[in-house]
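Here the structure comes first, spelled out in structure tokens, and everything after it is commentary.
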Amino acid sequence: MCASMCCSSLCRNFPIKHYCDKKPGSQSVTGEIPSATSYAPISFFIPANANRRNFKTTVKPGWFYFGRKMDTADFEWKMWFSTFRAHILFALSGHILFAKICTMLAPQHRSLVYMVYGLFAVWTSMGWTYITLILSHCILLYSISLVKIRWLCFVTGLCTLATFKCEPFVSWQAGFVEGDFELRHVLFYGGCGFTIMRCMSFALENCERKDGNYNILELLKYNFYLPFFYFGPIMTFDKFYVQVSQSNLMRKEQEMWNISLQGLIHLGVIIVVDVLFHFMYILTIPTDMRLLKHLSDWALVGLAYFSLVYDWVKAAVMFGVINTVSRLDHLDPPKPPKCITMLYVFAETHFDRGINDWLCKYVYDYLGGKHDNVVEELVATLCTFGVTILWLGPCEVVLIWAFFNCFGLNFELWVAKLFSMEPFASIEMTMTEAMSRRIRAIFNTFNFWSIVLYNILALNSLDFAKLVTKRLLLKGFPITTIIVMFMTYCLIQVIKERERRQVKKQNKTRVYII
């Protein structure tokens, strides 16, 4: 598995300012501080009439009849489920309608219909000049793929991606966008970023093909599939090509019921998150450092943890909505990210399984092999995070985040190698399975909080990450530190036991099938 990817959807395509332009909150301290710290159990409820200067830009009027204000700090969530909800629903509904008609009348041509509708939707929202820009990138990478030199395809793709991260190339290409549609800035970076990654996948798969080449129409079908075009997730070309080429579209038993249930669950989660935004301002509070210093250790640690939980929920819901649409098209999209609560090793940490699968297939696994060699693993992780930095946009916060996650991924291998040597290997052989699992859980406990602390860098700010680390490990020592670590240790034990039972159940199922 690849290293951690902790930003969802559009965050990966936004210009550098998404990470680097976060400014600390207002330095004024008002009488609202007691109110902010008086709510149990984790003390980050803020009353709806909060008047802190820092909150005025992100805490907006919400439920008028209940007198509650709403946290609107997350642009992505607000864009998807508030500001541009009607536009997104209209576009996806049109796709579902045309896809269903084509599936019934001419299933063998459904991929072509997907492409035509996608082109039409992009043209109506962004203009024909934007289509020209996208097509130019597709043609460039398609031409390079015909040479079938893997490193040349990779270098060309990365150089093309870099043109969307630095001036004057960004401004020049942004000039291809027409109109004053408020969402065009987001769609520009989303469409272009994912287009480059998809074209690179196509080019690399074409290099692997021994008999001939894929034609450019297959690339256009792949790239202009509307549900994935602007917001992802990325499905590698080999998987997309096989699935979209199938003409036998029989569904499995209860598949439509599962798709409907998945859609209802996502709707329920959206409602729950909307309610929480009116009571728990977990996105706005971390921007006010003066307020954070008045919070208790427990409140600060809880705020850091729930910041990651929210980002996981957001990724799961946003990708889940897209995945529900793609499953209606008889595709098997990338699965939702693994719950942050169940992440205790760096090798499984990612918030976007599509990007994670892409990086694993073309960089991490390709260079790292079986991931049992220290040098190969180091080279693989450095290259993987090099591509990730370019994808996110290089800046101080991203570089620090990448360094610590890269170190964590390699450190896991170093520790595993150390304990596979004597006398540790012999000692572990004398232990029971349960005792071995308990000892491993101790190390995983520190891993868990390393993952949390490293990733709140990208979600919040460097100052917030420093404050949480100081409270958890220094100022809160020994009481807060020991209690938090013990609770985390118990949680990891529960997770490990659950995973052990799942593996045992799967093994029994395999034996029964055989």
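From the backbone N, Cα and C atoms, a Cβ is placed for every residue, glycine too.
Just so you know, TrEMBL annotations never went through curation; they're auto-generated.
Look at TrEMBL and you will find 88-106, 112-142, 224-242, 263-283, 303-325, 374-392, 398-419, 439-457, 477-495 tagged as transmembrane segment.
Contact count against the transmembrane segment (263-283) (Cβ pairs under 8 Å) is highest for 303-325, out of 88-106, 224-242, 303-325. Long-range contacts of the transmembrane segment (439-457) within the same chain, counting only residues at least 6 positions beyond its ends with a Cβ under 8 Å from a Cβ of the stretch, are 4, 6, 304-305, 307-308, 340, 343-346, 349, 397, 400-401, 404-405, 408, 412, 415, 431, 464-465, 468-469, 472, 484-485, 488-489, 491-493, 496.
Sequence-distant neighbours of the transmembrane segment (398-419) (same chain, 6+ residues past either end, Cβ-Cβ under 8 Å): 3-4, 6, 16, 19-20, 345-347, 349, 371-372, 374, 377-378, 381-382, 384-385, 388-389, 392, 425, 428, 443, 447, 450-451, 454-455, 457-458, 462.
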